[in-house]
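Feature list (source: Swiss-Prot):
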ACT_SITE  Cys159  active site, nucleophile
BINDING   Arg11, Ile12, Asn322  NAD(+) binding site
BINDING   Ser158, Cys159, Thr160, Arg204, Thr217, Lys218, Arg240  substrate binding site
SITE      His186  site 'Activates thiol group during catalysis'
Amino acid sequence: MLRVAINGFGRIGRSVLRALYESDKRDKIEVVAVNELSQPEAMAHLFQYDSTHGRFQHKVTHDQEYPYSDVPDSSQDKVRILHQADLSLLPWQSLEVDLVLDCTGVYGSKSDGEKHITAGAKKVLFSHPGGSDLDNTIIYGVNHDTLLPEHRIVSNGSCTTNCIIPVIKAIDDAFGIDSGTITTIHSSMNDQQVIDAYHSDLRRTRAASQSIIPVDTKLHKGIERIFPKFSNKFEAISVRVPTVNVTAMDLSVTINTNVKVNDINQTIVNASRCTLHNIVDYTEAPLVSIDFNHDPHSAIVDGSQTRVSNGHLVKMLVWCDNEWGFANRMLDTALAMSK
């Protein structure tokens, strides 16, 4: 049994714990503690009632001994709540923590990870892109087989790298990619304003519900980290749109082989049934973004939107639940790190 602690109980931290209870991994992973600076009452309430993913299927309570406890079925699973701002003072050693899932979105450097190690954790997995000095960056389904036992401080990439990189790999393996561009159409996030208010990014001073808002992205750097051969070959832009969840990615690539639409789509279908099973899905149904809410795949390719120009320029539409799909990959990578 892998003993896990979650640091940061926001959108991803809560989704990871919920995903564990909806998965077949509860006999492999035990969450023993959550570190979060907010109050236990708010933590329990937000875990029980979620505007995006609905009510948690079991009753959630909190008490003094175990300020957070979840009660599934007839047994009681108890998870310790901590409120420690200093990572090096967390009681990971006494709790015998094997792996910390750092879901704060704040920490991501090797030195941050070392603080968890100093506190007694054996390994750390960041839920966001980390520095180049980390032991590894994993996009599960693409390079998780590169994990080594000595890799202690690892990044799980981002929701968008987990969405687009498996698709890039499938197309590149089949036809060879020369270069590409990506537009990320991302749902609003909590670093945006409800109404116009001050922010260091002037575009993000504007109300999230009123505009499509361009934001900076380093997605191309994430692609280069996994595929060094694509250095200076990809560029990306990103916009936030007034929805609460689910992201669409507009991928355009130039390929070395002359292809037709069916060639591209069949490649994705084949990958979804074999090498990328449970990672990439495929659909041609006339769906919209909300239909992908709570989808556990990293990516869902909408084959009805695939286009090919002049045999070599390929455009694809790829969906993902940027919370739920990524949370499920955190669990997959956690287990891969335990081997």
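Note: Cβ is positioned from N, Cα and C throughout, glycine not excepted.
Features recorded in Swiss-Prot, as mapped to the structure shown.
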residue : record                 : contacts (Cβ under 8 Å, 6+ apart)
Arg11   : NAD(+) binding site    : Asn190, Glu323
Ile12   : NAD(+) binding site    : Cys103, Gly105, Ser127, Glu323, Phe326, Ala327, Met330
Ser158  : substrate binding site : His128, Pro129, Leu219, Gly222, Phe326
Thr160  : substrate binding site : Thr184, His186, Thr217, Leu219, Gly222, Ser238, Thr247, Met249, Cys320, Asn322
Arg204  : substrate binding site : Asp191, Gln192, Gln193, Ile213, Val215
Lys218  : substrate binding site : Pro129
Arg240  : substrate binding site : His186, Ser187, Ser188, Met189, Gln192, Ala208, Ile212, Ile213, Val215
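Maximum C-alpha to C-alpha distance over the listed substrate-binding residues Ser158, Cys159, Thr160, Arg204, Thr217, Lys218, Arg240 is 20 Å. Of the chain residues outside the NAD(+) site list Arg11, Ile12, Asn322, Gly10, Ser15, Cys159, Glu323, Phe326, Ala327 have their Cβ within 8 Å of the site's Cβ mean position. Looking at the residues that bind NAD(+) per the record, Arg11, Ile12, Asn322, the two CA atoms farthest apart are separated by 10 Å.
In this structure, the recorded positions under consideration are Cys159, His186, Thr217, Asn322, and the one with the smallest number of other Cβ atoms within 10 Å of its Cβ is Thr217. Taken residue by residue with DSSP, His186 (site 'Activates thiol group during catalysis') is part of a strand. Lys218 (substrate binding site) carries neither a helix nor a strand DSSP state and counts as coil.
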